[in-house]
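Chemist: Take a look at the following structure, please.
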Amino acid sequence: MSPDDAKSAADGTSVPENGTAPKLSRKPSQKLPRGPPPLFDHLPDATADACDTFQVINDCLYGSKNMGSSDHDALDCDCAEEWHDGQNHACGEDSDCINRATKIECVSGDCNCGEGCENQRFQRKQYANVSVIKTEKKGFGLRTDADLQANDFVFEYVGEVINEPTFRNRTVKYDKEGIKHFYFMSLTKSEFVDATKKGNLGRFCNHSCNPNCYVDKWVVGDKLRMGIFATRAIRAGEELVFNYNVDRYGADPQPCYCGESNCVGFIGGKTQTERATKLPLATIEALGIDDGDSWDTAVAKKPRKKKAHEDDEDYVNSVQPRALDEDGVNKVMATLMQCKEKWIAVKLLSRLQATEDEHLRHRVVRMHGYQILKTTLNTFKDDTNVVLQILDILYQLPRITKNKISDSKVEGAVEPLASAAHEEVALAAKRLLDEWSKLETAYRIPRKKHDHAGPIPGNSFEEERRNKDREEPAKPTDPFANIVIPTGPRSTIPQRNANFFAGQQRPRKPPTNLPAGWFVNTDKTGRYYFYDATGRTQWQRPLTPAIETPKVSAKAQQDQKALQSIIDSLTKEPTPRHSAGHTPQRSTTPATEPKKDKWRSLPLEKQMKIYENTHVVDRFHGKLPKEELKKFAREVNKKLVSSDYKNNRVEDPTSIPPKQAKKVRKYAHDFFDRAVAKYTEHEKKKAHNPSKPTSGVPPGDVASSAATPAKDDVTMSDVEADTSPGSSAGRKRKRDGDDEHDDPAESPGAPPSETPSVKRIKEDDAEGEGEPTTIPPPPTPPPPPADTPPTEEDRSMREQEEALMRENEEAQRLEDEAQAEEGGKGSHEWNGRYHRTCAAGERAVEWRVGNGWCYGDDGHGRAAATTAAAAATAAAGSAGSLKTTLACFAFAPC
């Protein structure tokens, strides 16, 4: 289908016989009924064949290290970490993340949201599941193999980032090579992404007059990157398409094969321009147009006659923008941050300037307002009107403290304007600086340095920051409002010195919510590393739980602890008491953790005696619950040790005389017999009266009532043990040479019944009941990761990038030389949107003057280029005019 046929079918007009271009219609667009989008899931996967036509690269290659720069400082969001199932769900699609709203990706380590948030799609290359298909008329196309939701990330547009001179050279070069399809995308005003020969699958996304995708630019680190996103919900099997938007640059119409009901039959040219001005959807929404359809209708109702200079700016001026709301603030700030066209920036600033809602002004400040306005001020500092707009907006913004102003460094951009030659600019700048000078910098509580080897609490300070804009509920009356409450002791840290922490770098937040069994610590340089209980270390954040050693069954573990408690109590020397007149001395033996199995090194005779006493407890396993048995065993230990020390029976704490061992066995038997009887009686009463509370002692106190010994030398309470006159230090004999068996954790004032071994038993029991995670001591950091040698692919990419840099430098050098030679002669130059017409003969030529170029066409769709001198000669010797033609689908003005 030829362009003429398409036009004839579109508006019912015939093509003139003389071959002149048809007069394109300016009828208002109408919403046509649209059926379900066609599916292409029946077409075979042609990805392998498509990848043979170009070189696949994973990331952009830059013509210089400064190309693709975002011109923005690192901006962090105020979201808090949201860990679920080992994944950080902060900064999601439905969150109120200010970075996501302003099209900035969070960078791990620099943001409050923690590592691995959901606003890192470019960095993680979270592309959609797509495949390449072979279409009937459009060549290769891109198909989604899974359902997509609105705003889902499809693919990053990757290629070679080149400057404008290289871009112009390549358009001519590709045409000479017979390349039919160019893949240029405008990254900035003078930078382009060329995916013609090097790119990824995103280059196969075709054009459509009814697109289901859109192209957007995001700030990722210090670079500006371009991605393709879903406009609406897309079914698996649909072709992914977006609007190429070439008409803004004066391209001649090309046949369009999208097949949509609203297809105008051409890509570019007057047809699309007069039906609707195709600004990016995000820019349209930021300008205050309701949606694409209303925008389409509004601009189509313009008068039929349009002067040659009328363009997007004139159309926008004819449309009344809607009132600014909270969502509109997000879109305005996001578009303003990347805006390089003055007339769009003026419109966006006018919307901010006109708002009087204090809540919306607070929203502007929160959405990185000071940083974005500073960047816009630096971009358009030569335009007095734009500067006055920005200074007025800055003056209107609410200000309580100077913190955000200082953090954004906007003062550095305003201060030079105070001495500007323009009187209004100087007065506005001085007024603003004077207001800022009256503000105080609020003291900020520094972030707490967490114990990285222990559990990491939540970030309550950042949570407070995130919720500061929310309305607080009414607080109840404070009963102590009129009472002066004394404050605590002063800290040695200066509390009101605003500059105390000014020179310190903000500490990075330690990783939180690690998989089970993993812990975090820092090395000497402050770098985090991870370790588990086995001593394994690594630099990378673990994604799976640590491999745990097989655990002993609960029953066996409890039995072992009950037996060990008795063994430890009988083999340890209790803490010696000091008399009132004796000053406790510091132990000269360094504190070391006592060994739990030290009884194994004792003589066999002693081990047998310990086992005899242990066997008594073992006999009652089937008669008492495990927890009660453990508690009774502790009661036996406490009473026996207290009684022996009170009556001076201890001659050697590491051995028990046979006579005393017999008494211990008898007492233990009697104790447990009474305990079993009491427990059985209690259970019977409980069974007969299930709803009536028993008047006796609870099950946990059976030991207290059962422990009524027959002899006075055994009835020993804790109070009596503490007040006994016989508990002097002289009676607590210690054998020389047994220091290795002493418990260094014993305190001089601890009673025998509360020896550290008993305390440790209680801790062990609590550990068995609650199973808290014990934190092992951190091992030494792992060795630094070795610098792996670059792979062959890495070396190849580096060589290609260096070659691209040389190509850009050479093109820029030739451009500068041509400008110096020509000195700006001539009248034909690029005006920012369209090329001026240039005179030509039968064969039009490309004529460059200064920074402007005119693209000629020889009548057969081939671009022609020559030197400036030859172009001038051809132009001077012939007459006529010719519009430019561009073979690629997206350009930016010079």
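Just so it is clear, glycine is given a Cβ too, placed from its N, Cα and C backbone atoms.
Pulled the feature table from Swiss-Prot, pasting it below:
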{"type": "COMPBIAS", "residues": "462-475", "note": "compositional bias 'Basic and acidic residues'"}
{"type": "COMPBIAS", "residues": "582-591", "note": "compositional bias 'Polar residues'"}
{"type": "COMPBIAS", "residues": "774-788", "note": "compositional bias 'Pro residues'"}
{"type": "COMPBIAS", "residues": "792-830", "note": "compositional bias 'Basic and acidic residues'"}
{"type": "DOMAIN", "residues": "72-126", "note": "domain 'AWS'"}
{"type": "DOMAIN", "residues": "128-245", "note": "domain 'SET'"}
{"type": "DOMAIN", "residues": "252-268", "note": "domain 'Post-SET'"}
{"type": "DOMAIN", "residues": "512-544", "note": "domain 'WW'"}
{"type": "REGION", "residues": "1-44", "note": "region 'Disordered'"}
{"type": "REGION", "residues": "447-494", "note": "region 'Disordered'"}
{"type": "REGION", "residues": "572-604", "note": "region 'Disordered'"}
{"type": "REGION", "residues": "678-830", "note": "region 'Disordered'"}
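Relative to the rest of the structure, where do these features sit?
Modeler: DSSP places the residues of the domain 'SET' (128-245) in helix, strand and coil in these numbers: 17 helix, 52 strand, 49 coil.
Break the domain 'Post-SET' (252-268) down by DSSP state and the numbers are 0 helix, 4 strand, 13 coil.
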Chemist: For the domain 'AWS' (72-126), how many residues does DSSP put in helix, in strand and in coil?
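Modeler: Its residues fall into 8 helix, 5 strand, 42 coil.
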Chemist: Restricting to the domain 'AWS' (72-126), what is the model's mean pLDDT?
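Modeler: Averaging the confidence scores along the domain 'AWS' (72-126) gives 84.
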Chemist: Count the residues of the domain 'WW' (512-544) that DSSP assigns to helix (H, G, I), to strand (E, B) and to coil, and report the three numbers in that order.
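Modeler: Per DSSP, the residues of the domain 'WW' (512-544) fall into 0 helix, 12 strand, 21 coil.
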